[in-house]
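Participant: First the structure, then my questions, so here it is.
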Amino acid sequence: MHDHPNPAAPATSRRTLLKAAGAAFLGASATLAGAGRAGAAATRNTADVIVIGGGFAGVTAARELKKAGLSSIILEARGRLGGRTWSTTFAGEPIELGGEAIDPKQPNVWAEAQRYGIATTSGGGLDSFVMPSGSGFTILSPGAASTRLAQLFTPFFDGSAALFPNPFDPFSGTGLQAFDQLSMRDRLNQLAYAPADEAWINGTTAGLSGGTSARGAYTMLAQSWALSGGTYEGYVSINTYGVQGGTAALLNAILADSQAQVRLNSPVAAVTTAGKTVTVLTTTGAVYVAPRVVVAVPVNLWKTIKFLPGLPAEFGAVSRAGIGVPNSKKIFMHVRGGAAGAFVAHPPEGFPISTTVPHSTLADGTRIIFCFSTDPQVTGTSVAQMQGLLSQLSPGIQVLATTAQNWGADRYSLGGWSCRQPGMLTGPYRTIQQPVGRLAFAGSDIASGWSGYIDGAVESGKTAARQVLAMSSAGDPVLVG
Ligand SMILES: Cc1cc2nc3c(=O)[nH]c(=O)nc-3n(C[C@H](O)[C@H](O)[C@H](O)COP(=O)(O)OP(=O)(O)OC[C@H]3O[C@@H](n4cnc5c(N)ncnc54)[C@H](O)[C@@H]3O)c2cc1C
């Protein structure tokens, strides 16, 4: 590549860069009261590229840049990498508090698992489905429930193939402009389902949207349907496989390949471009400089970082509106017994928890299950509260313990899985996928294909690396990685 780092660069190049960085830093500190006291020694933090955010998007970008000969420093706000994926344990079992499932229909993440020889896992048995019925719930066989779910969901997605003929290019279809104005609620209303029928599917649309079906764009789900091959079976099958050793095993394999330096507990406060240098300032006062930067934090976090010069208006508008859904929680429960056995439940819109899924069965016959919630009143950490809710789904079930992650309240996510709002795709989306000067943006929130999935994060990390490599390097200072 024409902008490979040059290990033989004379020391003066580096001094020139650091001087320029100091000037840029002073510019940033003038607008960040009290944040400007980092010592000059901190400006030794240099690489060819600074990557802000150590989720799948950021780590993949660093790996791709390394393949092209460029060194990276990853600045990660939290004390761990992985972002909205988080491999941990509960009741002695490995669990994922965030993103978990990968699928062969998701070519970017699937290729990563294959590249590093990481095996996939699939879940255990299933006894029943618990579905809305009247003002309560009924327990059905998985076959009977799936047949009816397929019948109800399929018309919801009529026309998806025309909207997304090449589903990895979200702009390839016809009629997108009009459909993109629809919320999932608008689409449910268009189809005028009988109330009992709508109750079977509006819990899914509300959950994915972040609490109410009126929030999420219809095209978000229609694109997932098209990416899944346009069938209900394809759509539900994307939740079949997990990663052996957890998502952390896959992330760490990519990270090792990147040879990036990682700085944990380094929340970025300001990103200042001055001439050919980008200066990145953390809330702890550390300063990093590089000719190029990949911003791989959630879209909802863009508004918390001071960019100088400012980003185009679309970036701020989308960040304030939000793509990561509010109030999103993933809740794990250790349970015993219950009439429904190992069950999948799809409670209707308005019920305090949404999709509920079995995770594993322990040696003593107790089970780990998980559910999602976007209800602000549900903490997921109260055994009594979860007992009250689960008893309605599976009478006789006993909740022994719970753990939960509230991604909406997490200050380094400010939201959970991605779900664009009506008008975003055909409005600002193209703009926010593009680099701005020396900054490239990455993240599942702005992916072209599987936005809202690990696959989208990997895809966008690759895209951002390509964008960095395409940036003009003429006259740039030379850094030694
Ligand atoms: C509950 C839940 C369940 C999900 N289930 C699935 C699933 O089953 N399958 C699937 O494929 N996907 C799933 N997803 C989605 C998937 O987890 C995400 O799309 C993906 O992990 C996002 O990766 P990312 O790198 O784009 O963003 P993130 O993972 O959010 O990474 C961004 C990083 O930036 C860091 N950061 C934030 N602010 C700053 C700052 N100022 N300075 C420095 N660093 C900062 C964050 O700490 C984070 O590490 C789920 C998500 C959630 C929340």
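Including glycine, each Cβ sits where the backbone N, Cα and C put it.
Please treat TrEMBL annotations as automatic predictions, because they have not gone through curation.
Pulled the feature table from TrEMBL, pasting it below:
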| type | residues | note |
| --- | --- | --- |
| SIGNAL | 1-35 | signal peptide |
| DOMAIN | 56-469 | domain 'Amine oxidase' |
| BINDING | GLU76, ALA77, VAL268 | FAD binding site |
| BINDING | PHE372 | substrate binding site |
Participant: I want to check the contact list for VAL268 (FAD binding site): same chain, sequence separation of six or more, C-beta distance under 8 angstroms. What comes out?
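Facilitator: Within the chain, VAL268 (FAD binding site) has Cβ neighbours under 8 Å at ILE52, LEU75, ALA77, VAL280, LEU281, THR282, THR283, VAL297, ILE305.
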Participant: Identify, in sequence order, the residues in the chain of GLU76 (FAD binding site) that are 6 or more apart from it along the sequence and have a CB within less than 8 Å of its CB; answer 'none' if there are none.
Facilitator: GLY53, GLY54, GLY58, VAL262, ARG263, LEU264, ASN265, SER266
Participant: Just to be sure I understand the packing, how many Cβ atoms besides its own are within 10 Å of the Cβ of ALA77 (FAD binding site)?
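Facilitator: A 10 Å sphere around the Cβ of ALA77 (FAD binding site) contains 21 other Cβ atoms.
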Participant: Can you name the residues of this chain that are 6 or more positions from the residue listed as 'substrate binding site' yet have a C-beta less than 8 Å from its C-beta?
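Facilitator: Sequence-distant Cβ neighbours: GLY207, SER328, LYS329, LYS330, ILE331, ILE353, SER354, THR355.
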Participant: Find the average pLDDT over the domain 'Amine oxidase' (56-469) in the predicted model and report it.
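Facilitator: Across the residues of the domain 'Amine oxidase' (56-469) the model's pLDDT averages 97 on the 0 to 100 scale.
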Participant: Applying the rule Cβ within 8 Å of the centroid of the Cβ atoms of GLU76, ALA77, VAL268, what extra residues of the same chain belong around the FAD site?
Facilitator: ILE52, GLY53, GLY54, LEU75, ARG78, ASN265, SER266, PRO267, THR282, VAL297, TYR412
